[in-house]
Each structure stands twice: as C-alpha cells, then as structure tokens.
Amino acid sequence: MIERWLYSTNAKDIAVLYFIFAIFCGMAGTAMSLIIRLELAAPGNQVLSGNHQLFNVLVVGHAVLIIFFLVMPALIGGFGNYMLPLLIGASDMSFARLNNISFWCLPPALVCLVTSTLVESGAGTGWTVYPPLSSIQAHSGPSVDLAIFALHLTSISSLLGAINFIVTTLNMRTNGMTMHRLPLFVWSIFITAFLLLLSLPVLSAGVTMLLLDRNFNTSFFEVAGGGDPVLYQHLFWFFGHPEVYILIIPGFGIISHIVSTYSKKPVFGEVSMVYAMASIGLLGFLVWSHHMYIVGLDADTRAYFTSATMIIAIPTGIKIFSWLATIYGGSIRLAVPMLYAIAFLFLFTIGGLTGVALANASLDVAFHDTYYVVGHFHYVLSMGAIFSLFAGYYYWSPQILGLYYNEKLAQIQFWLIFVGANVIFLPMHFLGVNGMPRRIPDYPDAFAGWNYVASIGSIIAVFSLFLFIYILYDQLVNGLENKVNNKSVIYNKGPDFVESNQIFATNKIKSSSIEFLLTSPPAVHTFNTPAVQS
C-alpha cells in the first residue's frame, strides 16, 4: 500500500492521487465560496459578525484553493497524467519519479495555505497579493509569508510537471504517432506545459521579492526606498494572464474529444484547432497589462493592450466555430459529457463577450474592480474550466474505473449546476454595471436584490456538488461493470466511436484515439510493447 501510493512512479496512480487531492480541495474552496455568498446575501453583517478581514481571507482561500489545488491538479495533474501517456501510446511519463515529487509538493503547500489563515488574522490580500496591502506594514504576521510559500510549492509542482509533459510528448510517442497526428487533448496539455514553463518563474520572482521586502528590508515594492508597487503588478499579471489560459486550454482539449465522439464526426479543422490553441497561448503573454488599465499607463500603452486583447478573440472564435461545425450535421447523442460540452460552448462564449467589453481601456476604468469583472471571469472559469472538468470525468471515468455512473443522476446533476452557476454569475454583471465593488463584505441596500438571487444560485450549485459526490460514491460501489471492449455498441451509455483522421482498430471496435481500445480499467502498465498505428 505505502509502496504503491507513497513511492508511486506510475502515472495512473499519481493521477488518481491528484484527483483525490483535487476533489478534497475543491470541496473546501466551494465551502468558502458558499460562506462568501451567504455573507453577501443581504446588506449588513450576516455570518461573519462584521469581521471584514476574515471575509478577505475567505476570498484568498477560495481563489487559491480552486485555481492551484482543484483546477490545475485535476485537469493537468489528473487527466494529463492519466490520459496523455495512453493517448500517445507511451508506457508512462518520461520522468516517473519527478512525477511523484510533483504531486507530493502539493499537500505541504496546502498545509502552508491553511496555516496562513490560522496565524495572526490570516492573509486578507485578495489572490493577487498586491503590496502595499501585502507588505509588512499592512499584514504584519507570518500569514502572507506562509501563503507565499504555498505559491512557491505549487509553482515547483507545476513546473516539474510541465517539463515532464513536454519531454514525454516530444520523446515517447509511439510508432507512426507524428506531432500532426497527436490527439487534441495531448496538444492542449503540451501547449499548457509551455505556458507554465514560461510564466511561473516570473510569479516566483515577484512573490520572492515580496518575501524579501517583508522580511529582509529590501525595497522592490517599497516607495520609501525607491521601489514601485506597480512593478509587482507587472510581474504578477505576466504570470496571471497566461495562468487563466493554463486553466482553460486543457478544457479545450477535453471538449474537442467529447464533441467529436458524441457527434460521430472528426473534429472540424483539427490542425486549425492546434494552431488556435498555440496562438491563444502565445497572445496570452502579450496582454497582461489589461488588468492594470487604471494604474497610470500611457495612452499608447493602453491602446496597444486593448487591441492585443481583442486579437485573442480571433483564435478563440476559430475554436468555437470549429466545435459548432463539428456538431453541425453530426449524429448527436446528448449523453452527459455532450450536455456539458454544449453548455461549455454557450457559456464560455458569453464569458468571452463580457471580456471584450472589459478589454477596452476606457470602459474598464468604470468596470475595474466591480462585480462585472467577477461575473466575467467566473463565466469563463466556473463554466469553462469546471464544466470541462465534469465533462472529462463523465467521459473518461467509465474507461478509467471500469464502472458506469448512474446516467439519470448525472443528468440531474448537470441541470442543477447549469442553472445554479447561471443564477450566481449572471446577476453579478448587473451589479457591476451599477458599480458594486469587489472584495467588500457589505454594500448599500440598492444592491440587495441581485445579491440575494446570486446567493440562492450558490445554494443550488452546492446541492449539485453534493449530488456529484453521491454519483461518485454510487459509481464506485454500485456501478455496472465495464466488461468488454465493444461496450460502446452493446451498452448505450458509453461513447459512440467514429472513424477520424486516424484510426486505431481492434477486431471489436474502431476509435479515433487509443485510450478506449485498452481494457477497462486499463492495466497498471499499458503499452509495454509499442502500439502501432494501423
């Protein structure tokens, strides 16, 4: 047991560890968001007894837990580690032991984060950790230092993982698997790994300077010593903007597979999809200052960042329309993964549209730090990254676990979270247009109506998550066994396959990617002899 799970060098076992960790942290992060919404359900003090510092600590905890401890471990560490070697026909990840330490950096990081909330009065800085609020004058205890250590540990984890994914993809593809034949999910993880590799060192530099400012009397961000807090913002957002693409691009890969499978068609414009993802990744590094329109940038700088930000809409639009073209004329089956994929397309597009409004420097002066921004990025993250997470789970878990989930319960869970998430985040745009500021635990009575609606929505969404945990339990305990490989023919809940640009065939089934040709669940060691493309 200890040998298998603690010292594991098996990508599949490490992926399972990532999933368990991510589910645990996701529940904690969701609990924090529920407390935030309960506090904001009505004007005045509701649940936090006027402790406004605690409110901000919850905001930090919610953000960091969900970004660094749920979405990245699940999409990249979980699906990436499990599916990428299967999809390229590799026996494991290139650096198997490095993979192990990538995971085991995360539990200590979680310990640091939790500890930071328990000492003094916690780190109430917002997830951006801007000085001077995060400096030693405003946050005197070790809270912020512990939060910085947590970020360092997650950065190490992600960096090592990124190196591992890049080397594995370049060196361990099976015979006949050229780069142009890689499945889209592999491409998405590959591109994400490059984004991590280039952006995380900048974050680490920024928070290390903050650590030195706080403890060793340097003045990187200390105006009295000739420093500038705006430097920190540049460093943070040079990481922070690629980070949001790191969160969503693996989701793009998952959605591509699902849309293709349940439309019984190859993805429309597969190579264009790869170039679109790569363009999004590259452009993501050229737009960071659109988070900083109000710090006093020159007019020409603002003009550039406005234009560059809008250009990202082009490759994103290519992806959306290619997915629609894949669905169009297909033989669509609305299984749960497909429901999530279609919801993803609709809601991600809405999130993108509100983003176009925020891209304008002049408009953003009004929108900055209001709930309009919160509504925008939760549409693209909550209904982009999290929906693709659920979609990937419902798509691949019967193959990974060898057990089916209850389709009817899963559909109910989808509709609950679909309704809940929209009821939470749509009203936030209305609040933001009317000027309700972010990160504030109380508000004038005029904002009460929509805040109450949003809080009702969060209760619906939390119910859907409880239902998901039950579905998971039911699948593991009572799930129907996935005995044979031609299940997609005899059992209507499995995916339908179709001839794609590349065909992997056994005598039972043809598939557009390798993973469904293996036994279910896959053997502990797959591809000891290389898979050869037919």
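From the backbone N, Cα and C atoms, a Cβ is placed for every residue, glycine too.
Here Swiss-Prot has Glu39, Ala42, Gly44 binding Ca(2+), and the candidate from Pro427, Pro437, Pro441 in that same listed site is Pro441. Per Swiss-Prot, the candidate among His241, His257 that belongs to the Cu cation site alongside His290, His291 is His241. Cβ packing within 10 Å was compared across the binding-site residues Gly44, Pro441, and the lowest neighbour count falls to Gly44.
Within the same chain, the residues at least 6 positions away from His291 (Cu cation binding site) whose Cβ sits under 8 Å from its Cβ are Gln233, Trp237, Gly240, His241, listed in sequence order. Using a cut-off of 8 Å between Cβ atoms, the transmembrane segment (412-432) and the transmembrane segment (267-287) share fewer than three residue pairs, counting only pairs 6 or more apart in sequence.
Taking only the Cα positions, the spacing between His290 (Cu cation binding site) and His376 (heme a3 binding site) is 14 angstrom.
Cα to Cα, Asp369 (Mg(2+) binding site) and His376 (heme a3 binding site) are separated by 12 Å. The two recorded residues, His376 (heme a3 binding site) and His368 (Mg(2+) binding site), have Cα atoms 11 Å apart.
Using the rule of three or more Cβ pairs under 8 Å, pairs at least 6 apart in sequence, the transmembrane segment (452-472) is not in contact with the transmembrane segment (182-202). Ranked by Cβ pairs under 8 Å to the transmembrane segment (338-358), the stretches 16-36, 147-167, 372-392 are led by 372-392.
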